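Student: If you look up Swiss-Prot, you'll see CYS143-CYS153, CYS184-CYS195 marked as disulfide bond. According to Swiss-Prot, the domain 'Ig-like C2-type' annotation covers 38-131. Under the heading N-linked glycosylation site, Swiss-Prot lists ASN92, ASN104, ASN140, ASN168, ASN292, ASN382. Taken from Swiss-Prot, the feature phosphoserine covers SER219. The region 'Disordered' annotation in Swiss-Prot covers 332-363, 399-422.
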Amino acid sequence: MPAGRRGPAAQSARRPPPLLPLLLLLCVLGAPRAGSGAHTAVISPQDPTLLIGSSLLATCSVHGDPPGATAEGLYWTLNGRRLPPELSRVLNASTLALALANLNGSRQRSGDNLVCHARDGSILAGSCLYVGLPPEKPVNISCWSKNMKDLTCRWTPGAHGETFLHTNYSLKYKLRWYGQDNTCEEYHTVGPHSCHIPKDLALFTPYEIWVEATNRLGSARSDVLTLDILDVVTTDPPPDVHVSRVGGLEDQLSVRWVSPPALKDFLFQAKYQIRYRVEDSVDWKVVDDVSNQTSCRLAGLKPGTVYFVQVRCNPFGIYGSKKAGIWSEWSHPTAASTPRSERPGPGGGACEPRGGEPSSGPVRRELKQFLGWLKKHAYCSNLSFRLYDQWRAWMQKSHKTRNQDEGILPSGRRGTARGPAR
């Protein structure tokens, strides 16, 4: 039994005897009973169920007078390990008693094997010992419907969790105002505590859902969850996600996808999220403000870098539902790279302004500030990108105009203040 609480039953030899594989089957196939072997004996109580921390007084009584099977020659094993002789005492010539205190939880959900042996090691009788806790009421029930065709729910066993006993969980559901109780049948679909209802679900009518837990020491029932299928809809990840460059812009990528086809016949809205990361990183950056668009431009990216992009969908407002939907899984990653930068880096031979030329430092600083702010956000708003494109167009036009002016002026007067001719 696990060392959750210490007790004499936990003390035993370190190496189990060769009979262990056979003993592990006793509580599954049935422990030996009177008349099952050459030496007949009975263990009492038979297959007890006890709370953790309880004590047990068991006896092994030999029937008849088989040679070598007197009480003085008997001994006990628990899960294949011989128990210390000081835990036993002879009651009479044919009965050996065993006292175990402060029992730990069972090491096997099917019960621990308590076996009475003759002097030569043969098995006389066995009993299954169940030590654990009653179940607590299940909590944290959550459910979702894939494209309004089914319902999947999962839960957690309770605050304490482990009972050390086989505990059966049943998910029950019914229409709120009428109908009979139904029991979910497809368990463990998305984890150990989950169940899937594949069909025959009603829309526009609330359901009541709860979970019942039962084991040898008792039962518990969760609180009732009331939900409408339309309020817990999720869907498949957006298909056909495409990521491409935005012309020669070295810090941007364009992302496009299509709406979930499974919901094309239903009146609903959708919210989308995008996340992206660089090729050699595991950290994702999430873009939340995509709203109901099916395209987005990521900005503030690193030039000459491979990015992985994923998209997911949250359908909401189906048939007028007021509640937010449930996010789908992320789409499969799609990769694309930004163009390499053609601008020289620090110390890379950038031309400094010639003496007397007007410096474009203030404009460059302002642009740098704008781009620095943009890199902190990945905007998917068309207005934001129109503004950004206008900014770039204005800079190019301003630069071109300045170059034309400088080409008209005589070389001696370039960069000087313009004023009325004297």
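From the backbone N, Cα and C atoms, a Cβ is placed for every residue, glycine too.
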Student: Tell me the Cα distance separating ASN104 (N-linked glycosylation site) from CYS153 (disulfide bond), rounded to the nearest angstrom.
Tutor: 33
Student: Long-range same-chain neighbours of CYS143 (disulfide bond), Cβ under 8 Å, sequence gap at least 6?
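Tutor: Listed in sequence order, they are LEU151, THR152, CYS153, ARG154, ILE209, LEU225, LEU227, VAL232.
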Student: Given ASN104 (N-linked glycosylation site) and the residue listed as 'phosphoserine', what distance in Å do their CA atoms have, once rounded to a whole number?
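Tutor: ASN104 (N-linked glycosylation site) and the residue listed as 'phosphoserine' have their Cα atoms 21 Å apart.
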Student: Output, ordered by sequence, the same-chain residues six or more apart from ASN292 (N-linked glycosylation site) with a CB under 8 Å from its CB, or 'none'.
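Tutor: When sequence neighbours closer than 6 are ignored, ASN292 (N-linked glycosylation site) has GLN269, ALA270, LYS271, TYR272 within Cβ distance under 8 Å.
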Student: Measuring Cα to Cα, how far is CYS195 (disulfide bond) from the residue listed as 'phosphoserine' in Å?
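Tutor: Per the Cα atoms, CYS195 (disulfide bond) and the residue listed as 'phosphoserine' stand 19 Å apart.
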Student: Hey, of ASN92, ASN140, ASN168, which of those glycosylation sites are within 10 Å of the residue listed as 'phosphoserine', Cα to Cα?
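Tutor: The glycosylation sites passing the 10 Å Cα test are ASN168.
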Student: Please list residues from the chain of ASN140 (N-linked glycosylation site) whose Cβ is under 8 angstroms from its Cβ, counting only those at least six apart in sequence.
Tutor: TRP155, THR156
Student: Specify the count of other C-beta atoms within 10 Å of the C-beta of CYS153 (disulfide bond).
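Tutor: Taking all protein chains shown, CYS153 (disulfide bond) has 24 Cβ neighbours within 10 Å.
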Student: What is the number of residues in the domain 'Ig-like C2-type' (38-131) that are helix, strand and coil, as DSSP sees it?
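Tutor: For that range the per-state counts are 6 helix, 46 strand, 42 coil.
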Student: Round to a whole number and give the Cα-to-Cα distance in Å for the pair CYS184 (disulfide bond) and ASN168 (N-linked glycosylation site).
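Tutor: Answer for this pair: 13 Å between alpha carbons.
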Student: Under 8 Å Cβ-Cβ from ASN168 (N-linked glycosylation site), six or more apart in the same chain: what's there?
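Tutor: Sequence-distant Cβ neighbours: ALA213, THR214, ASN215.
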Student: Using a 10 Å cut-off on Cβ-Cβ distances across all protein chains shown, tell me which of the recorded positions (ASN92, ASN104, SER219) has the largest neighbour count.
Tutor: ASN104
Student: Per residue, counting other C-beta atoms within 10 angstroms of the C-beta, which of the disulfide-bonded residues CYS184, CYS195 reaches the highest number?
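Tutor: In terms of Cβ crowding, the pick is CYS195.
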